[in-house]
Amino acid sequence: MGGVEDDEPASKRMKLSSEELIHLSNGSTVKESIVGSSRDLMARPLQSDGGEEVVGSKGVIKKVEFVRIMAKALYSLGYRRSGAHLEEESGIALHSSIINVFMRQVLEGDWDESVATLHNIGLTDEMTIKSASFLILEQKFFEFLDEEKVMDALKTLRTEISPLCINHSRVRELSLSIVSPSHCFTVRSPKQDTSRARSRTKLLEELQKLLPPTVMIPERRLEHLVEQALGLQRDACMFHNSLDEEISLFADHQCARDQIPSYALQILQAHTDEIWFLQFSHNGKYLASSSHDCSAIIWEVDANGISLKHKLSGHQKPVSSVSWSPDDHQLLTCGVEEVVRRWDASSGECLSVYEKAGLGMVSCGWSPDGKWIFSGVNDKSISMWELDGRELECWKGQRTLKISDLEITSDGKQIISICRETAILLLDREAKVERFIEEDQTITSFSLSRDNRFLLVNLLNQEIHLWSIEDDLKLVSKYRGHKRTRFIIRSCFGGLEQAFVASGSEDSLVYIWHRGTGELIEALPGHSGAVNCVSWNPTNPHMLASASDDRTIRIWGLNNLSAKQKDTHGNGFHYSNGGT
């Protein structure tokens, strides 16, 4: 639906007969008198000296639209005289005569006239007209009730609102507000302020959302366009990884590569064998690692670096994985086809052991409320346990493999596990519905995004696939470049808003891709053995950890954090400047 316009420029408009300037919701003023009924005013195209004249180097911005949006922005910012001067000098009106009449009628409470004017604006969508009429008449209804004119309110409801035949549930609510005046306050929208003037202004804003934008330009349209442009520039920036990075209107946004954690700030050396798994806690204050040496370690993260807090011993077999409780107070460790142990993260004490006679555990995870734990079992089933070790439920059948990750979504409904060599099971334990991600290649590991909408799937053919799992299962992107021929290699989401994907690799490098574009950003050298697992600190986008067969964990950060070199082996770590 096109716009409408004045016959004369803004400088020739007359004042309202009331000689008052009516301030609209955007700060603009109506300055024209109305001659005759609004029914005589019909919508006409906005005047433009240039017709379909365009501005900008690409020739896609219509001058009329551009000027109207600028005028709208000036009025919204409170620069009413500047907005009026722009209308006058350009000869392009922000609103047509009939729209100005309509806005004035709404603000002055001329309900019957405003409904009549609404029908003369030139709208083609009958539902839009009905919906706008409903809002106007609803305001009329409430103002009658405020004035204790109950019969007038009832008449409005019966003869004007109900015949619109829309929003029947709302009509019933309005009826109840007549029967029970106290119910009126619960029926009112939060936007219907008790102050009449403010309430009418809010009504005008709601009407503005209903009418076509060419007729009434949406509030803050220019701000929205600018924010959208800045957002697109940020999303297209390959290295955007900092909340502190200011985005200016004066130049196109582009972060430098130094926003990516690519310097080995610290090397942790407390494990005595290959390190298979590591994971930062949800609050970013701890890091847990597990190793072929049958131990797990809890590391503490602070401003001075990362230090060893507890070495957890008790497993008789290599520890394949760990999982932090939702509140980060406890940690699960899983031995290879052995048992799952639950530890107190503060004291390092083993609180409970979960095992099944004649069977071994292969994976572990927490319910989002921390009340239960889940474990994959080497008979291909998945069990759910009370914290005290009592098994609550067991999903038997082809639910998991001997080598599999295990994730539970944050709503607690879905259990995710590798159920076949080329398939991942998404089990809705409440609806008892199973969905499957099917791949052509053998799946070696997977990782769930923080928002539970995406899954990173590592494959035997040296590819990482990004799947959307929110509604329909959909392959979104592929990441290539890392090496994997023999071992289980794990990847992770990370960085600001999880905009990056990191992965280990058998060539001793840590690989980082831009999640949106799939472009490889970094391949970080430093390890002397296969990098089995990576974990990005969820609260610090500039901290990445990698675990390797070389028995070390490298903590990657920004170059400016590495102010000096240290070599302190007493607590199991030393600092490095990133050299190999």
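Glycine residues also receive a Cβ, built from the backbone N, Cα and C atoms like all the rest.
All TrEMBL annotations are machine predictions without curation.
Residues or ranges marked as domain 'CTLH' in TrEMBL: 95-152. Taken from TrEMBL, the feature repeat 'WD' covers 268-302, 312-353, 366-388, 524-566.
Counted over residue pairs separated by six or more positions, the repeat 'WD' (524-566) shares at least 3 Cβ pairs under 8 angstroms with the repeat 'WD' (268-302), which defines the two as touching.
Same-chain neighbours of the repeat 'WD' (312-353): 273, 276-279, 281-283, 285-286, 288-298, 360-366, 368-370, 373, 375, 378, 387-389, 402, 405, counting only residues six or more beyond its ends whose CB sits under 8 Å from a CB of the stretch. In terms of DSSP helix, strand and coil, the domain 'CTLH' (95-152) has 46 helix, 0 strand, 12 coil. A mean pLDDT of 95 is what the model gives for the repeat 'WD' (366-388). As a summary of secondary structure, the repeat 'WD' (366-388) carries 0 helix, 12 strand, 11 coil according to DSSP.
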